[in-house]
Amino acid sequence: MLNSMNNDRLKQGRITIEEFRRIYRIIAHREEIIEIFNTYSENRKFLVEKNLAQFLTQEQYTLDINKSTASEIIQKYEPIEEVKQAHQMSFEGFTRYMDSSECLLFNNKYESVYQDMTHPLSDYFISSSHNTYLISDQLVGPSDLWGYVSALVKGCRCLEIDCWDGSQNEPVVYHGYTFTSKLLFKTVIRAIHKYAFITSDYPVVLSLENHCSPSQQEVMADSLQSTFGDALLSDTLDDFPDKLPSPEALKFKILVRNKKIGTLKETRERRGSDKHGQVEECEEEEEAEQEEEENEAKGPEPLDAFQDDLEKEAESKRAVGIPLFKKKKLKIATALSDLVIYTKAEKFRSFHHSRLYQQFNESNSIGESQARKLSKLRANEFILHTTKFITRIYPKATRTDSSNFNPQEFWNVGCQMVALNFQTPGLPMDLQNGKFLDNGGSGYILKPHFLRDSKTKFNPNKAQMDSNPIILMIRLISGIQLPPSYHSSSNKADTLVSVEILGVPNDQMKQQSRVIKKNGELLIYFIEHLLDFLLKSLKIIY
């Protein structure tokens, strides 16, 4: 480690700003950057515009270089005024450019919205959260407004709210039949209103898991209307809609996803009327089978044993008098039902049923286990379904630790709302965060054409015969600011780099470099301890 006292040349218990800068340069020194600079500098002191342009073309593979590109970089990053005026770049300026956001792996031109946002909502992947109010596990952890705030700041556009009857006619939000803590519904709505459009202008969907009585559903409707005002979508954008509107048309709008009674036309006819006390009843079909989680506990079943044709399964059960579904009655307050416009929650029965009966404004929620089986055995049908209808995938109930599944397998079949537990770090959330960095972090990513085409033949489980594969070659140069290794006696990491591509099964590939023993330069450790020493022990002279 650097000995900070050795740099106190005046032996006065303090260092000058020049000495501090010298320490910083030692810490930040990178031999490979010097080597690159010297390769393109004619005198090893400065880069002229021609040299910088060569570097951009040959090393950075920048294709759209014009006469002003190098000049603009010099003007932006060169700190020495005389060098800048001479249209040259010093090593200090070159280092600043190399450490800037312009040289990140992520292309900064995608940091703003650039995709066509005028397609129907069903044509987009939508950043979605599961049980957003939870910030720990699913059974005893706390419910917290931070769950909603942090999800919205990350660009999440579909939030889940589990609603239950509370005391004093105030609905509460928590994970029912567990020991998780409770939040007032109105408090949740106020927090969402405050942060909904901080990161993205595009619509937010509130997915209600509604267990409330009709009287408290009316309280929910009042809270939604009074808090969001005109931002709450409560009517269709067109007189006779036959398709979902676009994210562009729904900018700054809040959409409610819930059960709905009646048609959009009937909802429009009731506009302005007094709906207090109006309750309608509907029957919802529940699967009479054992929970899919219980079935999974018995062990994985062979794919050929899975009854993938749901219509044939229904017929066989009816033939022997076994009901495929059991009925349960639901009471829905008209005031809340009428706030559901383009995102009506409808139970998924089968692809065949959806083709015949599902309306354009109806969306389905499918558990991860059922969705996984369908994506393996009926992938093309699944994709054809998601070209028309918004489909939400949620984690199975056995994930009580708030773990996540791999979202890529459901993006492969075009599922728009793949809901993850945002509070749990790991590969699934890395994929989520990485995917939705694109398109300006808006929370909406336009699906590729083959996942939007209503006549698509695409199947992610089959290799494409007419594809033009791209070979990706990556050269590793160096790494800095590696954390200390607690598995090594020297506290230095045995470093390697792992690169993985995730997509359709045929594209998935993982490669890693060879291990370099004890090669972790502990710069984070140096900087933390040096700054701590400076702050506590030294006086910096400015």
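The first residue you see is number 1, and the count goes up from there.
Cβ atoms here come from the backbone N, Cα and C positions, even for glycine.
What TrEMBL records for 267-279 is compositional bias 'Basic and acidic residues'. When Cβ-Cβ distances below 8 Å are used as the criterion, the compositional bias 'Basic and acidic residues' (267-279) is approached by residues 214, 218, 234-236, 260, 331-335, 337-338, 341 of the same chain, each at least six residues removed from its ends.
If you look up TrEMBL, you'll see 267-303 marked as region 'Disordered'.
According to TrEMBL, the feature compositional bias 'Acidic residues' maps to 280-295.
The domain 'PI-PLC Y-box' feature in TrEMBL is assigned to 336-452.
Residues in the compositional bias 'Basic and acidic residues' (267-279) partition by DSSP class (helix H, G, I; strand E, B; coil) as 3 helix, 1 strand, 9 coil. Per DSSP, the domain 'PI-PLC Y-box' (336-452) is made up of 48 helix, 19 strand, 50 coil. In the predicted structure, the domain 'PI-PLC Y-box' (336-452) carries a mean pLDDT of 97.
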